[in-house]
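**Q** Let me begin by handing over the structure; questions about it come next.
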Amino acid sequence: MDNKLNIVIITGMSGAGKTVAIQSFEDMGYFTVDNIPPNLIEKFVGLLNTPDNKIDKVALVVDMRSRAFFEDIQSIVTELTDNTSVNFKLLFLDANDTELVSRYKETRRSHPLAIDGRTLDGITKEREILADLKNLSEVVIDTSELTPRNLRARILQKFATSTESTFRIEVMSFGFKYGLPLDADLVFDVRFLPNPHYISELRDKNGTDQEVYDYVMEHPQSEEFYQNLMKMLVPILPAYKKEGKSVLTIAFGCTGGQHRSVAFAERVSAALREKWHLNVSHRDKDRRKETVNRS
């Protein structure tokens, strides 16, 4: 098994998409650093490349914002390439002059090397400075015709391993009386189901307890809802992934977030976990118990 530290340096033309790139690596679980001065890279890698280090993937953005130190970058790239204790790749993002000028006009920002505000002059100068670095790059992506979503997909295609999940599903339960979860993408209200709260022997239990789970699921409307829900979810989840979404949060709500919503979150997460990278959580499952204990 290869336990080497994986390092990707992201560089290229200003305006070519380095922000999208570093966000894509973050979604793949990389530890990311934006605009690191090149002369600090060797020391930074040394701190991480130790036996007790728990960070195994690092993506660093180096560009002309660090121009005072940029002359060091080629020697550092050479050193990392020759370093047998790390896996190193250099990613260069490029775009044609017309597209770069258009992007700068759209954002109304100045090019870091622009002379007297002339964007094209800055682009020309930057292209000359980066020419040798581009030739050293293992991966070059021209973003001229790529949308941010397309660029993200291209990066995932080239850098994501078969064992990495770039799309994660968060299944959660909550109680409406405590408010909607702000980060939920899909919210399902299960308050139409019979409430175990009114069964004395179930009141103090929750949807992770087998007795409560069985009570919730034994009703015909529960099974009908579950079957219809899965018919909807199964085809749309791949579409969310294809659109470039990194996390999809599916929330189930009942009155207090203790019984019905918990049971359904458990059942749905168990079904989806066979195919998807998934986490399940219960925001309000123990809130009533905590309130009673404080009183």
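Cβ atoms are placed via backbone N, Cα and C, with glycine included.
Below, the features straight out of Swiss-Prot:
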{"type": "BINDING", "residues": "G12, M13, S14, G15, A16, G17, K18, T19", "note": "ATP binding site"}
{"type": "BINDING", "residues": "D63, M64, R65, S66", "note": "GTP binding site"}
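Locate each feature and note its surroundings.
**A** Counting only same-chain residues at least 6 apart in sequence, those with a Cβ under 8 Å from the Cβ of G17 (ATP binding site) are L93, A95, I141, T143, L146, P148, L151. Reduced to three states, the DSSP call for G17 (ATP binding site) is coil.
Sequence-distant contacts of D63 (GTP binding site), defined as residues of its own chain at least six apart whose C-beta falls under 8 angstroms from its C-beta, comprise T11, G12, S14, K18, N35, P112.
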**Q** Looking only at C-alpha atoms, tell me how far M64 (GTP binding site) is from T19 (ATP binding site), rounded to the nearest Å.
**A** 14
**Q** What count of other C-beta atoms do you get within 10 angstroms of the C-beta of G12 (ATP binding site), across all chains shown?
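**A** G12 (ATP binding site): 28 neighbouring Cβ atoms within 10 Å.
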**Q** Judged by the number of other CB atoms within 10 angstroms, which among S14, T19 is the least packed of the binding-site residues?
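**A** With the binding-site residues S14, T19, fewest surrounding Cβ atoms within 10 Å: T19.
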